[in-house]
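Annotated heme b b562 binding site per Swiss-Prot: H83, H182, in sequence order. Residues or ranges marked as heme b b566 binding site by Swiss-Prot: H97, H196. Taken from Swiss-Prot, the feature ubiquinone binding site applies to H201. If you look up Swiss-Prot, you'll see 33-53, 77-98, 113-133, 178-198, 226-246, 288-308, 320-340, 347-367 marked as transmembrane segment.
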Amino acid sequence: MTNIRKTHPLMKIINHSFIDLPAPSNISSWWNFGSLLGTCLIIQILTGLFLAMHYTSDTMTAFSSVTHICRDVNYGWLIRYLHANGASMFFICLFLHVGRGLYYGSYMYLETWNIGVLLLFAVMATAFMGYVLPWGQMSFWGATVITNLLSAIPYIGSDLVQWIWGGFSVDKATLTRFFAFHFILPFIVAALAGVHLLFLHETGSNNPSGLSSDADKIPFHPYYTIKDILGVLLLMLALTSLVLFSPDLLGDPDNYTPANPLNTPPHIKPEWYFLFAYAILRSIPNKLGGVLALVMSILVLAIIPLLHTSKQRSMMFRPFSQCMFWILVADLITLTWIGGQPVEHPFIIIGQLASILYFLLILILMPITSLLENNLLKW
């Protein structure tokens with residue numbers, strides 16, 4: 001009798017995706033982040049579901065409902081902080097996953113890469129709307145500032161902003177619709193992640209060398225299931241440590257003050273994972289220019305396959321490109337730092353230089369470095 005996992009229509013799909021999947025024998029721990037992102041998404045959906053059971057999306061009661069969750073609901077504080085810090089872990093895994101793709105040339109799988117860029121946008125939108133829900137000072141002013149950016153769109157800008165707000169300012173209608181979107185988007189993200197995997201399994205995984213691994217495959221289970229479980233355990237350790245020891249480490253103290261439209265906080269800034277894009281937005285004095293730069297800072301990922309000039313796929317054997325890659329990483333860390341600083345000297349000029357360097361590296365310096373390496377190797 002044949003095994004049910006190989007014959008049953010549904011089990012067969014799971015089998016081909018997670019059990020009998022032929023995987024390269026040399027993929028490193030940098031390939032763990034896909035499964036970690038899946039784990040993060042499941043944690044976020046489950047904790048979010050339990051939070052939604054007690055949360056009320058009304059401007060009068062939103063803040064106090066979050067307080068009620070933390071004080072009165074059984075383990076409500078744990079669920080709330082798992083959800084808030086789970087978002088941070090989600091973005092750490094996302095950035096490392098994208099970085100891995102850039103370093104090892106995984107962007108050559110065009111469909112998988114483009115779905116990934118779409119996923120990044122969807123997760124960023126979800127996180128932004130989630131940040132508005134507790135209705136603290138930073139929630140309200142963050143929502144006001146970021147939605148207001150759409151008014152920079154010529155002709156339809158101001159109408160578009162009022163349409164999104166559902167009125168003439170961020171108010172009850174805005175909060176209610178943000179809650180609705182924040183609830184539905186993770187399920188869209190889950191569906192997109194399924195498509196992401198579908199396209200990945202059409203080609204098979206890339207590996208650190210960037211060479212074809214068809215001649216040397218191993219089954220996903222037990223080798224990579226065990227490896228993924230180790231990754232998940234380390235993720236859980238990091239998340240629980242953060243939640244139980246310093247749950248507010250990555251948050252903003254201003255968000256413990258209820259939203260007040262009459263009182264603007266001294267420094268309006270988003271969560272830490274958006275600071276690099278926020279720094280790029282602020283470094284351009286023109287409103288429309290800033291918005292375009294903000295969008296392009298993420299959208300530039302979509303054109304990276306077109307900028308691949310090297311004859312090798314991976315950066316494993318390309319020391320000059322590696323150097324450029326790590327300069328880019330340092331630049332992104334600098335932008336993240338600048339995004340959290342006030343708009344004054346010397347932070348303004350540092351932010352502008354870091355923003356220029358970001359686009360310069362991706363669009364010009366890295367492709368030129370690849371061409372140089374081709375010539376050095378006489379290819």
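Every residue, even glycine, has its Cβ placed from backbone N, Cα and C.
Structure with Swiss-Prot features highlighted.
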residue: H83; record: heme b b562 binding site; contacts (Cβ under 8 Å, 6+ apart): Q44, T47, G48, L51
residue: H97; record: heme b b566 binding site; contacts (Cβ under 8 Å, 6+ apart): F33, G34, L37
residue: H182; record: heme b b562 binding site; contacts (Cβ under 8 Å, 6+ apart): G48, T126, M129, G130, L133
residue: H196; record: heme b b566 binding site; contacts (Cβ under 8 Å, 6+ apart): T112, I115, G116, L119
residue: H201; record: ubiquinone binding site; contacts (Cβ under 8 Å, 6+ apart): H16, S17, L21
CB contact flag for the transmembrane segment (178-198) and the transmembrane segment (226-246), at least three pairs under 8 A: no
Where H97 (heme b b566 binding site) falls in three-state DSSP terms: helix
Touch test for the transmembrane segment (113-133) and the transmembrane segment (288-308), at least 3 Cβ pairs under 8 Å: yes
Most Cβ pairs under 8 Å with the transmembrane segment (226-246), selected from 77-98, 288-308, 320-340: 77-98
DSSP three-state assignment for H83 (heme b b562 binding site): helix
